[in-house]
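See structure below.
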Ligand SMILES: NC(=O)C1=CN([C@@H]2O[C@H](COP(=O)(O)OP(=O)(O)OC[C@H]3O[C@@H](n4cnc5c(N)ncnc54)[C@H](OP(=O)(O)O)[C@@H]3O)[C@@H](O)[C@H]2O)C=CC1
Ligand SMILES: O=C(O)C1=N[C@H](C(=O)O)C[C@H](O)C1
């Protein structure tokens, strides 16, 4: 019996693409029907299952776009995202965008595309991260007028291979926290030299790149006399891959629109 959801994976030879292929292959509702990467990737032509470390799927890594799939999951590079969005619009394919480091013009293009097809776009597909985002908003609301003030800093740690900084997740934490602060918020990326005293309306960001860390975020709420540190850390990449697969399922039958992981997880 054929499976209901035919899945195309963009960036299928990458660290995340391989985990999406591997987990999707185990899913009773999903059939991986296309594994896409760029023409210069040395793995083009190989079986996507074998590349992902599982049994052969009889789906070859290809630079060609499929004409049809029930949904596309994208874990690639910013330079590759525009073509993916355009292809999904042309083919009327629902799309899950997980790639980070996108420019403002690309975000605008995604919003425009979401008027035509359903899109889930989120910098973190992890359930724990999205839940932590909600918790940090709640903490901010409670502490923002505390006597003496609260200083909020975001420290993110990732593997040495990561191409963008700070992480898309750190930036999203900052946006969501800023929504709950009063007045204009200044986003400060690292500190060096004669910085002067910290101002009250800052959110600080610090990007650490170490070894094989699959992703960790610490949100510090520092007050005079005490502090809270909320840490959310991945042990491996499957939290993101399984979240993307949940998003792909969520999009089935959905009208055009821009959805977030809050929508997928019922946290909106
Ligand atoms: N939203 C989320 O939950 C998460 C998001 N991410 C994000 O996903 C993205 C991918 O991460 P990761 O898998 O670690 O990165 P990788 O570099 O391992 O994978 C990216 C893949 O895309 C390929 N690629 C490069 N150029 C193109 C192109 N023009 N067209 C198609 N494919 C291309 C790469 O090929 P080659 O190696 O030859 O360059 C590689 O196979 C990053 O932006 C990362 O921040 C990561 C984890 C979780
Ligand atoms: O590149 C990664 O690995 C990750 N990138 C995402 C980000 O930039 O937020 C999500 C996750 O933290 C892993």
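Using the three backbone atoms N, Cα and C, a Cβ is placed for every residue, glycine included.
TrEMBL does not curate its annotations; it predicts them automatically.
Per TrEMBL, domain 'Dihydrodipicolinate reductase N-terminal' is recorded for 5-125.
Following the DSSP three-state reduction, the secondary structure of residue 37 (NAD(+) binding site) is coil. Residue 37 (NAD(+) binding site) counts 23 other C-beta atoms within 10 Å of its own C-beta, drawing on all protein chains shown. For 11, 12, 13, 14, 15, 16, 37, 98, 99, 100, 122, 123, 124, 125, the entry in TrEMBL reads NAD(+) binding site.
For the domain 'Dihydrodipicolinate reductase C-terminal' (129-265), the model's pLDDT averages out at 97. Here TrEMBL flags 129-265 as domain 'Dihydrodipicolinate reductase C-terminal'.
The active site, proton donor/acceptor annotation in TrEMBL covers 158. Sequence-distant neighbours of residue 158 (active site, proton donor/acceptor) (same chain, six or more apart, CB under 8 Å from its CB) are 167, 207, 208, 209, 210, 213, 214, 215, 216, listed in sequence order.
Annotation note: residue 168 ((S)-2,3,4,5-tetrahydrodipicolinate binding site) sits in a helical segment as assigned by DSSP. A 10 Å cutoff on Cβ-Cβ distances gives residue 168 ((S)-2,3,4,5-tetrahydrodipicolinate binding site) a total of 17 other Cβ atoms nearby, all chains included. The feature (S)-2,3,4,5-tetrahydrodipicolinate binding site is assigned by TrEMBL to 159, 168, 169.
Secondary structure at residue 162 (active site, proton donor), taken from DSSP and collapsed to helix, strand or coil, is coil. With a 10 A radius on its CB, residue 162 (active site, proton donor) counts 19 other CB atoms from all the protein chains. Feature annotation from TrEMBL assigns active site, proton donor to 162.
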Please work out the helix, strand and coil residue numbers for the domain 'Dihydrodipicolinate reductase C-terminal' (129-265) from the DSSP assignment. 46 helix, 37 strand, 54 coil
Which of the three DSSP states, helix, strand or coil, fits residue 15 (NAD(+) binding site)? helix
For ligand 2, pick out the recorded positions 15, 99, 122, 162 that have a CB under 6 angstroms away from one of its atoms. 162
Cβ under 6 Å from an atom of ligand 1: which of these recorded positions qualify? The list is 158, 159, 169. none
